[in-house]
Amino acid sequence: MRKNLKENIISILESNKGLFISGEKLANNLNVSRAAVWKVIKSLKDEGYDILSVSNKGYALSKETDILSSKIIKDNMTKYRDKFRFLIYKTVESTNTIARGMAINGAESGTVVIAEEQTSGYGRNGKSFFSPYGTGIYMSIILNLKKEKKIFNSSFITTAAAMAVSKSIEEISNENTQIKWVNDVFINDKKVCGILTEGAFSFEDGKLDYAVIGIGINVNFPKNGFPEEINNIAISINNTQNSKDIRNILIAKILERIYEYYFNNASFYDEYKKRSFLIGKKVLLNIDNQEHIVKVLDIDKTFALIAEFQDGKVDRIVSGSINHRLS
């Protein structure tokens, strides 16, 4: 099946969402047979597209359709469309697991693995990430740093992704976001996004050969709500089930910003620091499975945390996690 034909039919139906277009008109516009159109429509339905088929009327994409689509994502990008390649799945165990395997085998930078659902999504320290079907963004982006000859530290990669998510959410939802060092994005003091960066270092020079940036965002309110254990600490961008889906648009915005930060060296330190809600607060800091009560004094320009320990010692923290905000 020709990929361009499928993308063109998706584009036409998406542009006329809720309106019927005859198979004959689609065939004539695309210079193919009606049988070819029917074959593509059947394939799209199998992929999960909610396409209505009515005799003597044709085909229509349901107004409620919110399926993820590489075509729709690219249509919402104003630049860098050719820098990204998409693999979109219905259900996977984990997009990061798939992307890591691809990265090991030399996948190009800009390869993006996206799923409608993860059955074993995970975050830092193997914590489960709630990933129900059709409600969130679960994607992993590959950076082939060895091939690109780019040198990034893992903190930069993660903070850049957090900043890209934060600004993109604000742009399309009018929500104010906050960032919890180093990898979580919050709305109204509740977590809306988690980011996990995984990679492999070269034994020869100690540099990252590749990195996989896993991004999980709660976009639409889950049909059955959040699980009890995260109900009081999680939030979705759209807090009703009937809200307009923004996933394809949000992915497009995030990827554009990620490209700016990683490959065009766009600065984001000041905006990242402005969104931090930890500076001046006491927090529970976990370093190598040891918990410490510290006061966050600052975030420096390398995105390290400047923390004051209970004994008065001030240290620069480059890795670790904040488990709780105490004040």
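Residue numbering: from 1, along the chain as shown.
Cβ coordinates come from backbone N, Cα and C, glycine included.
TrEMBL labels come from automatic prediction, so no person has curated them.
Features reported for this protein in TrEMBL:
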DNA_BIND  23-42  DNA-binding region
BINDING   SER94, THR95, ASN96, GLN118, LYS191  biotin binding site
DOMAIN    71-270  domain 'BPL/LPL catalytic'
Assigned conformation of ASN96 (biotin binding site) - DSSP reduced to three states: helix
Confidence summary (mean pLDDT) of the domain 'BPL/LPL catalytic' (71-270): 91
Set of same-chain residues at least 6 away whose C-beta sits under 8 angstroms from SER94 (biotin binding site): GLN118, SER120, GLY121, TYR122, GLY214
Counts by DSSP class (helix H/G/I, strand E/B, coil) across the DNA-binding region (23-42): 17 helix, 0 strand, 3 coil
Biotin binding residues SER94, THR95, ASN96, GLN118, LYS191: largest Cα-Cα distance, in Å and rounded to whole number: 20
